[in-house]
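Report on the following structure.
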């Protein structure tokens, strides 16, 4: 089965064609990072306008790279949320119109759920059950994936997502946008044990990064106010170590508690080198298999949406054309 995926939830316009949920035939991404860099973050109005300009071109390129036409496609999947509403509407409307015109089944995909499926692209033989940590700029979710389209969300952030904390600390330290890669890079030159930052105890498998973010900002502000010398590299490294330790510890604990000895990480923060190395290390210590997507599939892309769409269509799930963009939506537990 060939599925066309479309992703426009934030500032990447992407289209991909995936075969049987795991084999990528094309994956085209138009990134707006250079446009939004000067503003220190994504400007929603600009993002949606750029999606309108590029969506047709990106979809055409996906077909050209795959050597296919729309007549070869068996279904269409598109992100419906969460994300920026203007951006979401561009890809969702395009997908629904194309589906209607060509009488192809259409399926709306939750962006958070889509990130999970980046692992099934990188590891074609990977199968559930597994523990999944989805960690990105807007979301931090800990999930038990029991089967395709059957999962339990056992933990989520109570406030800021991990990626959001990275972006805000990077902005405060003057490291620019996007913040995650900037902190990852500069932290390599710092002493991660220089500062000890507090971690909020929210119990269970939930997360909280707002207090940590405030503690780092207040600490740096105090150093500046007192005129004390310090290295931004040390702050970045210490902050990063704290975030990573929280994410790794809770994910490992869930794996041990459930005796599901497979862990997969997904989302933009999955590209963080410290997070990847710590997971490899801790999983090896506990005899747990670890999976993480290739770097190019950690950030937003349509291949993961097409993959997720395939598994939905295989289960007979088809969306209505009344499905609308939903900018604020969580991932909720689902039984098949």
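Here the Cβ of each residue, glycine as well, is placed from N, Cα and C on the backbone.
Of the residues proposed, 218, 253, 259, 272, the one Swiss-Prot records at the same substrate site as 134, 135, 136, 137, 138, 167, 180, 184 is 272. In the three-state DSSP scheme, residue 138 (substrate binding site) is classed as coil.
Around the Cβ of residue 300 (Fe cation binding site), a 10 Å sphere holds 26 further Cβ atoms from the protein chains shown. Distance from the CA of residue 136 (substrate binding site) to the CA of residue 300 (Fe cation binding site) is 10 Å.
Only 134, of the binding-site residues 134, 138, 180, 272, have a C-alpha within 10 angstroms of the C-alpha of residue 115 (Fe cation binding site).
Cβ neighbour density within 10 Å is lowest for 138 among the binding-site residues 138, 180.
When the Cα atoms are compared, residue 272 (substrate binding site) and residue 111 (Fe cation binding site) turn out to be 20 Å apart.
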